[in-house]
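Step one of this worksheet: look at the structure below.
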Amino acid sequence: MRIIIIGFGVIGRGLAKVLYKKREFLRKNYGDFNVVAIADRSGAIIGEDIDLKRAIEVKEKSGKIINYPGIEKSSLEVIKDVDADVVVEVTPSNLDTGEPARTHIIESFKHGKHVVTANKGPLALYFKELMETAKRYNKIFKFEASVGGAMPIINLAKETLAGNKIISIRGILNGTTNYILTKMEEGLDFETVLKEAKELGIAETNPYQDISGLDTAAKIVILANAIMGLNKTIKDVKVRGIEKITPEALFLANKRGYTIKLIGEIVNGYLIVEPKLIPINSPLNVKGTLNVAMFETDLAKEVVVVGRGAGAEETASAILSDLISIKKMIENES
Ligand code: HSE
């Protein structure tokens, strides 16, 4: 399978590293996954024999893929001109405009490419348009990595729980705020732990998106649309962040057998993100950077998944599973 990677930040490089490290394993079990182009804001590398290890090194050292050496070609030109099966769109997530990812995804479909993305912005703002465009051009669109990182959630609900009615979804979908609340519970102050979360590389480029609950809001919109067939955007979510939670509030909650968590939920068609009191022994009480989601279903009843919601390799795990799934679908068709 021929792959274009658009965006070579933490996630793009994480995928490249995994494809490089697992090359033999993948070849033996699923076939070849060849990266035939990588683009970032500086330009692109295009070729049948891209040295992924070198590409990662160059980007990490100089910040620019063009120093590989590559060529001055924009991401859109790469999407249009390079012969490939799949575009992996992993540019930074923009929750205001969804760009440039939205255009990259639409142009990929128009130019005959399937798309895998981890990008929350376009999905939370233009879900319907993107799904309709994929359908119009008969292309596959997968985005497991956009919610919960490595934690299986979208594909779990759509495939493993297929046939169930998903009645509600409730969970912790932001690792940064969960880390902050966990550390504040241990007595550390907000600013110190926010700094730590940034150093862990899990916070958004603009950590206000984490703290304010917007990142969680984007994720529950994606789940509501992808799993429950709703037609929501981020404007439909009632959002409250963790700005006002103090170590004292956590201490008092603890004394009564509770903790405070930033919970995103979809219940009766309503989308809400807010800090909630959660019993200490609840399965939703996961610590540190972990994410958790609880599905309430008609047949399977309650199903809970826990996993790592962020990180380069963790997110690459979800992207890789989407790539493998597309490869199988293409092979079954032909
Ligand atoms: N900033 C996000 C988080 C990254 O903390 O969960 C993964 O979407």
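Every residue, even glycine, has its Cβ placed from backbone N, Cα and C.
Curation does not apply to TrEMBL; its annotations are automatic.
Listed in TrEMBL:
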BINDING   G7, F8, G9, V10, I11, G12  NADP(+) binding site
DOMAIN    7-142  domain 'Aspartate/homoserine dehydrogenase NAD-binding'
BINDING   K120  NADPH binding site
DOMAIN    152-324  domain 'Homoserine dehydrogenase catalytic'
BINDING   E204  L-homoserine binding site
ACT_SITE  K219  active site, proton donor
Cα separation, K120 (NADPH binding site) to G7 (NADP(+) binding site) (Å, whole number): 14
Environment of G7, F8, G9, V10, I11, G12, the listed NADP(+) site - residues of the same chain whose CB lies within 8 A of the CB centroid: I5, R13, G14, L15, D40, V90, T91
For G7 (NADP(+) binding site), the number of other Cβ atoms found within 10 Å of its own Cβ: 25
DSSP helix/strand/coil residue counts for the domain 'Aspartate/homoserine dehydrogenase NAD-binding' (7-142): 67 helix, 22 strand, 47 coil
In sequence order, those binding-site residues of F8, I11, E204 whose CB lies under 6 Å from ligand 1: E204
Among V10, I11, the one of these binding-site residues whose Cβ has the fewest neighbouring Cβ atoms within 10 Å: V10
CB contacts for G9 (NADP(+) binding site) [other CB atoms within 10 A, all chains]: 14
Which same-chain residues, if any, lie at least 6 apart from the residue listed as 'active site, proton donor' yet have Cβ under 8 Å of it: K120, A124, S146, V147, G148, L173, N174, G264
Rounded Cα separation (Å) that holds between I11 (NADP(+) binding site) and E204 (L-homoserine binding site): 12
Intrachain C-beta neighbours of the residue listed as 'L-homoserine binding site', sequence separation six or more, cut-off 8 angstroms: S93, T176, D210, D215
